[in-house]
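Features of the protein shown, as given by TrEMBL:
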type: ACT_SITE; residues: Asp158; note: active site, charge relay system
type: ACT_SITE; residues: His231; note: active site, charge relay system
type: ACT_SITE; residues: Ser564; note: active site, charge relay system
type: COMPBIAS; residues: 220-232; note: compositional bias 'Basic and acidic residues'
type: DOMAIN; residues: 36-124; note: domain 'Inhibitor I9'
type: DOMAIN; residues: 150-608; note: domain 'Peptidase S8/S53'
type: DOMAIN; residues: 390-476; note: domain 'PA'
type: DOMAIN; residues: 679-775; note: domain 'Subtilisin-like protease fibronectin type-III'
type: REGION; residues: 216-239; note: region 'Disordered'
type: SIGNAL; residues: 1-31; note: signal peptide
Amino acid sequence: MGSSGTRWKALPLCLALVVALQLQACLPACAAPPKTYIVQMATSEMPSSFDFHHEWYASTVKSVSSVQLEGEEEEGDDPYARIVYNYETAFHGFAAKLDEEEAERMAEADGVVTVLPETVLQLHTTRSPDFLGISPEISDSIWSAGLADHDVVVGVLDTGIWPESPSFGDKGLGPVPAKWKGLCQAGRGFTAANCNRKVIGARIFYNGYEASSGPINETTELKSPRDQDGHGTHTAATAAGAPVPDASLFGYARGVARGMAPRARVAAYKVCWAGGCFSSDILAAVDRAVADGVDVLSISLGGGGSPYYRDSLAIASFGAMQMGVFVACSGGNAGPDPISLTNLSPWITTVGASTMDRDFPATVTLGSGANFTGVSLYKGRRSSSSQERYPLVYMGGNSSIPDPRSLCLEGTLQSHEVAGKIVICDRGISPRVQKGQVVKNAGGMGMILANTAANGEELVADSHLLPAVAVGESEGIAAKKYSKTSPKPTATLSFDGTKLGIRPSPVVAAFSSRGPNFLTLEILKPDVIAPGVNILAAWSGDASPSSLSTDRRRVGFNILSGTSMSCPHVAGVAALIKASHPDWSPAKIKSALMTTAYVHDNTYRSLKDAATGKASTPFDHGAGHIHPLRALNPGLVYDIGQDDYLEFLCVENLTPMQLRAFTKNSSRTCKHTFTSPGDLNYPAISAVFAEQPTAALSVRRTVTNVGPPSSTYHVKVSEFKGADIVVEPSTLHFTSSNQKLTYKVTMTTKTAQKAPEFGALSWSDGVHIVRSPLVLTWLPPM
């Protein structure tokens, strides 16, 4: 996502002026304003004439600066004033305000590795511990022994934190870990006293935002770590919130709210503001978090799908991985469209979203006697009587062209048409809860929120401002047909509270972004799925549960859905694993999560896709749904070091200069130990056949024994229509802890398939099952 501004928007005017005036007088007036660029530097190439990197960076900015008129002084003359950030830990370089010509010259300057334009990322917006099998007894026992030796810090990049939430109480926690180098940054509405032994760090990053969008409006937005949005508080509490009894949203989902790693520490890095989350700020936060001493990063953010070497978050997370930090990122909410994932780098754990076995049922009863089950979190003084029927109306027509009135958009509903009635509103364009506000403002009595084809039958509950029930596409069609064909259509809405034991569950959320990985087919994405639908967690005291400015309600906990919610589940479980295995690399933790994931729901059938109602595939659920207890004791793990990732990048055909985005110096060259990206020691195997009809492929994988020293594992592999699979050896005998053994998988095409085939390769010693998804894809001949 590069900048698209042009330097010559006023070119005709400039040409006219050139005739009459000096060219130099025109250029400053006609040039596009400077924009922020991220500049990565090869620190090993700093000339000896400089003592500090920031001096070198400023000199480099000055060397590419556009020539100013003689005697004219501008703010842009000072290279230090033009530098927005200096990066020094997970990433080396700086961010600076440059015009397009300066950026082009910067790319050619000595010591410069790459120049990336500023991009804007978006947020991918407690029963889950029980659903995941992490009871209080289990999670507490993980932390009980030698707690001081393995204090784990979860860094959350988001909208900040609401420190007064009881989810961030520090009762029972020891002193702040001695390794911690972070701080509690004061600002309006936030002081150092807002941190404690739970929230041990809080920082803000806004230089990139202000460089692009101008000063933050401090009358409406707090330039401090305080969370006015709620999203950051919710994700931090999901990952590592302390137990809070009797938590609920208006009585819904009542119970003990607790994070995945309730004794982990939290560090909040506020990178998102009213106008978005800017890549230079995110990069600065990752860089700072690694220097502060976080063990795990939870980043519920995403943007476009840039190549690895053009993705600043991919580059920064590579640096974090090198420092031993586990990075979890949300996969995005662009499902069920295929090839819609973000955060695709193999060193990032990419998380999709699933449902839990809890729901909030509500019922629509039509005058015809038909009953439709939907969902709702409505709980207000205003309630439709379950005994009384109200007139029902749908303002849309029969045309295939959407009618703004059918979508209940602002200003489209007339009081004389909807007053005192239940209004059917189609999903789309405007926020779901806002549609109810429009109905309410027009005098409507209630709302039936109908899914369209884009949402299918998946139901997401909302805390509506008037009696409202969300229903699936088929129920919506039936209700609309009834409203148009009955002479006096009526309906009643009723709300049934919280229901547990929903079957089937989990189900892959329809909104969860899908694979395959368009950057590298051989790297299966997403990696795993985790609860991301109707998640209860702590909330900001400054935000309403609906996030609408017209909503005056304030709550301590809120229920949200999105891969933003599934990401901190994985980050929190990673913290649990890190606490239990302090010496494990990020790749080992990721492997444990993937190889112990399950692919069957609570009806013992294959996981389903909410978008289709059919079985989901690894392009939807990755390795499967996380199983924290098994992940703590996986038996075998697939480890990957930085050299392996660099060899992976080498076979991705990066140029030597592009590779330096990750090597950070010019001395590292490709060893050519990989022949394809599939040679990376990934816990999933995705084979791509480019030749037909008798193509054969081989990949090798190396497993490390983290179970009993003496153990024997036997292999089991799925049968495929299109290929024969042979695993050599078929038995692995381990005689010591941390012993590594390698096996080879040979896949020989029998009959090329038009669609990918899915299966699994599993190793078992009778106690552990180490399962890897196995995907075969045949590309059409060129």
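In case you wondered, yes, glycine gets a Cβ from its N, Cα and C as well.
Given the structure is predicted, the values throughout are model-derived calculations rather than measurements.
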Cα-Cα distance linking Ser564 (active site, charge relay system) and His231 (active site, charge relay system), given in Å to the nearest integer:
8
List the Cα distance (Å, whole number) between Asp158 (active site, charge relay system) and Ser564 (active site, charge relay system).
10
Where DSSP helix means H, G or I and strand means E or B, what are the helix, strand and coil counts for the domain 'Inhibitor I9' (36-124)?
31 helix, 29 strand, 29 coil
Across the domain 'Peptidase S8/S53' (150-608), what does the pLDDT come to on average, as a whole number?
93
Quick one: DSSP breakdown of the domain 'PA' (390-476) into helix, strand and coil?
18 helix, 21 strand, 48 coil
Write out how many residues of the region 'Disordered' (216-239) are helix, how many strand and how many coil, based on DSSP.
9 helix, 1 strand, 14 coil
10 Å Cβ neighbour count around Asp158 (active site, charge relay system)?
30
For the domain 'Subtilisin-like protease fibronectin type-III' (679-775), the number of residues DSSP places in helix, strand and coil:
1 helix, 57 strand, 39 coil
